[in-house]
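To start, the structure itself, in structure tokens.
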Amino acid sequence: MDLSAIEHNIAVLRGHAPGAEMMVAVKADAYGHGLVPCARAVLAAGADRLGTAFLREALQLRAAGVTAPILSWIITPDEPLQDAVAAGVELSAGDIWVADAIAAAAGRAGRTARVHLKADTGISRGGATAAGWPALVDRALALQATGAVEIVGLWSHFACADMPGHPSIGRQLAAFDEALAVAEKAGAGGSHVLRHIANSAATVSLPAARYDMVRPGIAVYGLSPIPELGDFGLRPAMTLTARLAMAKRVPAGTGVSYGHLYTTERETTLGLVPLGYADGIMRAATNRGQVMAAGRRRTIAGRVCMDQFMIDLGDDDVREGDEVILFGPGTSGEPTAQEWADSLGTITHEIVTRIGARVPRVHR
Ligand SMILES: *Cc1c(COP(=O)(O)O)cnc(C)c1O
């Protein structure tokens with residue numbers, strides 16, 4: 001993990017959102033990059049806040065001594081809300097029962113909970129719809145009057161920010177403005193209340209979506225939020241490498257890996273790469289994914305297994321221990337996470353977040 005790339009990317013994103021605060025999404029182990037080291041790196045690079053999906057991610061940060069403001073946004077019944085309030089984790093409420101649960105937890109914790117009210121402006125995921133929003137705001141204000149909660153944010157999330165020009169984007173901005181107006185009229189506004197809706201894609205493509213704060217995730221890790229529009233000057237932080245665990249000569253006509261989906265055309269050297277689908281190398285990459293080995297691109301030979309896959313190295317001079325690069329910034333000819341995503345029909349978010357826990361993370 002190249003932490004200097006992360007620092008660079010924070011500066012790039014700052015340039016896109018001057019004057020706005022920046023909350024970096026570090027959910028899912030910082031998109032597979034390592035939660036605590038990345039949280040420290042983004043804060044050192046000037047990010048103001050951190051965002052997590054789950055309370056246990058936020059509590060993990062607190063346990064590691066991270067004191068920066070953290071917002072955590074997915075809450076289900078029976079979660080350690082009291083611990084979160086006690087740890088000063090800010091919480092999202094997109095429904096009345098959540099606001100009530102947070103207030104009750106605040107009572108038990110003996111501390112006011114800082115709450116961001118979430119409006120569903122069109123993604124139809126978390127958050128109150130326009131119909132439910134006034135009641136949520138009213139309940140939050142009533143809870144604020146008791147001292148149990150303090151409304152510190154009003155927020156929402158885009159459905160199609162990575163599709164510039166998509167008609168839902170303008171509709172969501174209008175719906176967000178309407179939700180803000182309703183909240184402000186009811187008394188939940190004020191200059192200390194952060195209004196935020198922009199993920200990475202909106203941060204780099206939609207100045208009107210900045211409001212008081214942007215919430216980039218994928219772009220911080222150097223992967224383009226809108227690949228069709230280029231890389232936005234971002235630098236990928238993650239390089240995934242392995243060392244050949246075996247290199248051996250086999251004759252022509254040798255079936256390779258489960259199902260013999262690859263057969264050698266001539267006598268050749270096969271290399272064993274000790275990463276498999278348990279490590280996030282998707283089985284769909286069978287006979288498809290590319291890696292860099294011995295100075296050249298190689299296509300995975302046959303099935304990706306749980307712990308390993310094979311590559312065909314021809315007559316090249318290789319030995320056990322030689323480095324294989326699965327993806328990286330692309331500066332040495334290796335594939336990028338974007339290429340892996342494209343070849344597997346997915347997005348880079350899925351490529352990097354799936355790298356399994358047993359793959360050691362090294363931060364430089
Ligand atoms: C994941 C997430 C983000 C960051 O999204 P990116 O597309 O990675 O920039 C922002 N806000 C919320 C609510 C999220 O869940």
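Residue positions begin at 1 at the first shown residue.
Every residue gets a Cβ built from N, Cα and C, even glycine.
Record features, source TrEMBL:
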type	residues	note
ACT_SITE	Lys27	active site, proton acceptor
ACT_SITE	Tyr258	active site, proton acceptor
BINDING	Arg125, Met306	substrate binding site
DOMAIN	237-364	domain 'Alanine racemase C-terminal'
MOD_RES	Lys27	N6-(pyridoxal phosphate)lysine
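Packing around Met306 (substrate binding site) is summarised by its Cβ count: 12 other Cβ atoms lie within 10 angstroms of its Cβ, all protein chains included. Assigned with DSSP, the residues of the domain 'Alanine racemase C-terminal' (237-364) fall into helix, strand and coil as follows: 23 helix, 38 strand, 67 coil. In space, Arg125 is the closest of the recorded positions Arg125, Tyr258, Met306 to Lys27 (active site, proton acceptor), judged by Cα positions.
Taking the Cα atom of each, Met306 (substrate binding site) and Tyr258 (active site, proton acceptor) are about 11 angstrom apart. A C-beta separation below 8 Å, combined with a sequence spacing of at least six in one chain, links Arg125 (substrate binding site) to His157. Cβ neighbours within 10 Å of Tyr258 (active site, proton acceptor), excluding its own Cβ and spanning all shown chains: 13.
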